[in-house]
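Visitor: First the structure, then my questions, so here it is.
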């Protein structure tokens, strides 16, 4: 693996499978009375969040603490950033404090890459979401969830998602989750289809390694997993569809549409979800919806990322065995 995790596109097939397998080892920690490993004891990790976050920030913090790291939570609100301090000055301040890793979420696409390559800080950089660009750990936890559900927890070890048919539905234009998932799922051998109104597809979509469709009903019977994406109104400065009701009628997933999916197929959502728009309460609360599993799996994936970037090259299971003695 590379030193930093900036983009899902940077991962090779072997990198991704190794991460998923390591996450399976980390998931076993959650089943123990004491959910703790000594792997990152003495290491300092900063969660540098310039955008609001619930799941990602808490998930990273839980992962860091389960690996025994010293954790510093930084938010732009209430810091010198609100007074006009630049990313460079913030990075140099963290460097002066000797931090070992920075988990960064930023509204500007490319900010994590800039931090990792600028020379401002000599720390591992992990992208927790940058603008509409990338969210690699979200793609990893989604792939982890798919592999567990569609292949099996034990049967999936060492395997990718070759031949699986994955459909992403909704606001592709503004979604870093969609971009990251397309990159990673393609690397893992899955067949990806994007479904959205033309106004919510980015320019240059034809160069992405996926198919594009506009009719949700025709894609559902051929899907092993359907991921519903929220319409990101906070990133919109114009009307991209007539009304919410019209959008939901054409691109929302309800019980009748879910019934068209194969029996083994799952429904996914990266959160936060808007019930009644892209997904109904009936679907969100069904056994086929993996939204809560994705949150759980996110901690295991982020533990695996932190472990592999900071902890060394030994198998994660060796640390587990040491802890259990």
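Residue numbers in this text run from 1 along the chain shown.
Here the Cβ of each residue, glycine as well, is placed from N, Cα and C on the backbone.
According to Swiss-Prot, the record shows the following:
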BINDING   55, 56, 105, 135, 138, 271, 272  carbamoyl phosphate binding site
BINDING   83, 176, 230  L-aspartate binding site
Visitor: Cα distance, residue 176 (L-aspartate binding site) to residue 105 (carbamoyl phosphate binding site), nearest Å?
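Guide: Checking the Cα atoms of residue 105 (carbamoyl phosphate binding site) and residue 176 (L-aspartate binding site) gives a distance of 12 Å.
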Visitor: How many whole Å apart are the CA atoms of residue 56 (carbamoyl phosphate binding site) and residue 176 (L-aspartate binding site)?
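Guide: Between the Cα atoms of residue 56 (carbamoyl phosphate binding site) and residue 176 (L-aspartate binding site), the distance comes to 13 Å.
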Visitor: Can you tell me how far the Cα of residue 135 (carbamoyl phosphate binding site) sits from the Cα of residue 230 (L-aspartate binding site), in Å?
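Guide: That comes out at 15 Å between the alpha carbons.
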Visitor: Express the distance between the Cα positions of residue 138 (carbamoyl phosphate binding site) and residue 230 (L-aspartate binding site) as a whole number of Å.
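Guide: If we compare the Cα positions of residue 138 (carbamoyl phosphate binding site) and residue 230 (L-aspartate binding site), the gap is 14 Å.
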Visitor: Counting other Cβ atoms within 10 Å of each Cβ, which of the binding-site residues 271, 272 scores lowest?
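Guide: Taking 271, 272 as the binding-site residues, the minimal 10 Å Cβ count falls on 272.
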Visitor: Would you mind listing, in sequence order, the residues at least six apart from residue 55 (carbamoyl phosphate binding site) in the same chain with a Cβ closer than 8 Å to its Cβ?
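Guide: The answer is 271, 272, 295, 298.
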Visitor: Quick check: which same-chain residues outside 55, 56, 105, 135, 138, 271, 272 lie with their CB within 8 A of the centre of the carbamoyl phosphate site CB atoms?
Guide: 53, 54, 59, 128, 129, 177, 270
Visitor: Reduced to three states, what secondary structure does DSSP give residue 271 (carbamoyl phosphate binding site)?
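Guide: The residue in question, residue 271 (carbamoyl phosphate binding site), is coil (DSSP, three-state).
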Visitor: Any idea which of the binding-site residues 105, 135, 176, 230 has the thinnest Cβ neighbourhood at 10 Å?
Guide: 230
Visitor: What is the total of other Cβ atoms whose distance to the Cβ of residue 138 (carbamoyl phosphate binding site) is within 10 Å?
Guide: 25
